[in-house]
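This report concerns only the one structure given below.
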């Protein structure tokens, strides 16, 4: 997939600069900053004297009409660029299931269950709040159920540099599974008119794509047309086109071609993820935020009107209350009712902070919001304001909570390390330990000894 880059001499200035830029874009803080910048620019532009230019840009139509792909730029961002984002998310998901933490169900049980709780609880909170509103308000039940991987990991990268590595693994597993559920929700509940013929025809380019990869054919001139054809057929079927990104990702081999290959040799999946992640973080997600986050607030009165809409209240409550409630409650139940491993340097303070990070919906929530309510309507604008507000509140609360173990850890008197049997919870990893484990943590991970005979 990086054939053009391989054509450059290894020591060339262009290649060095390209590699440097790509490395910067792979950093989680960079992706989150670009995402936030796109959203801020959209909000400022939509509320400036040049707001008409923003609307004109979003509605500008481009694409081949004979393929029914004459779409607005906003639609291209939603259906096209987000497919790249979901392709990367699908690669991460498959990597975790095949070679990562999810390959062992016992280790993955807690974050997977937490993800399910983090979908059900905010949806339930939203439904409870909007049940008395108009009937169409319930169409947005899935908006607060999503987690923005890029934004959440970026916030964690900034505030959690002194946290155990297991914290990031737990969040990544939770967010990836959360996005998988969101993709299934989009495919099942937000497909209005299903065309069976193009949907069945999707199998042809998808299978060809998979066969080429199995044979280690990585020519961009062969793979890209097949990927674009798969995307176009999914789009024509009525299923949201982002699903194509996940389908393509799931057929990418996650293991080295031969068992005799050196264990350090990257798989095709790792190579694809390495090559395409900068495109997702540096282009796809920020441009989608630019195209989708802009909403005319209308001053203080407009803001009050938006935030008093039952739908907006339901979205904010779902993200800020429902998400943490679902994640924490299900995590507690699973760790108490099953024999999941304890220890791994995670405390309930960590879980509480991570549950707030999961409340950063943003990208996927904006997508579901556009699928739930017609663009340009007052309710759709209220949903946008609610998503931005709820995500920011969740991010701030997460930052405050996750700074607590940092301060406590620096003093060496974090109460959660004193009684590991009561405060530690299972996570998706058993591989990471703190650089300087406390005696309590060390004892908690030692097998029980039988009395000497």
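Here the Cβ of each residue, glycine as well, is placed from N, Cα and C on the backbone.
Range 356-376 is the one annotated as transmembrane segment, of 335-355, 356-376 (source: Swiss-Prot). Segment annotation: Swiss-Prot labels transmembrane segment over residues 32-52 (candidates 11-31, 32-52).
Within the same chain, residues 101-102, 138, 140-145, 147, 170, 173-175, 177-178, 181-182, 185, 310, 313-315, 317-319, 321-323, 325-327, 329-331, 333-335, 338, 340, 351, 355, 358-359, 425-428 sit at least 6 positions outside the transmembrane segment (109-129) and bring their C-beta atoms closer than 8 Å to a C-beta of that stretch.
Segment contact holds for the transmembrane segment (232-252) and the transmembrane segment (193-213), given three or more CB pairs below 8 angstroms at sequence separation of 6 or more. As a quick check, the transmembrane segment (169-189) and the transmembrane segment (284-304) miss the bar of 3 or more Cβ pairs under 8 A, pairs 6 or more apart, so the two do not touch. Of the candidate ranges 71-91, 140-160, 356-376, 382-402, 140-160 contributes the most Cβ pairs within a distance under 8 Å of the transmembrane segment (32-52).
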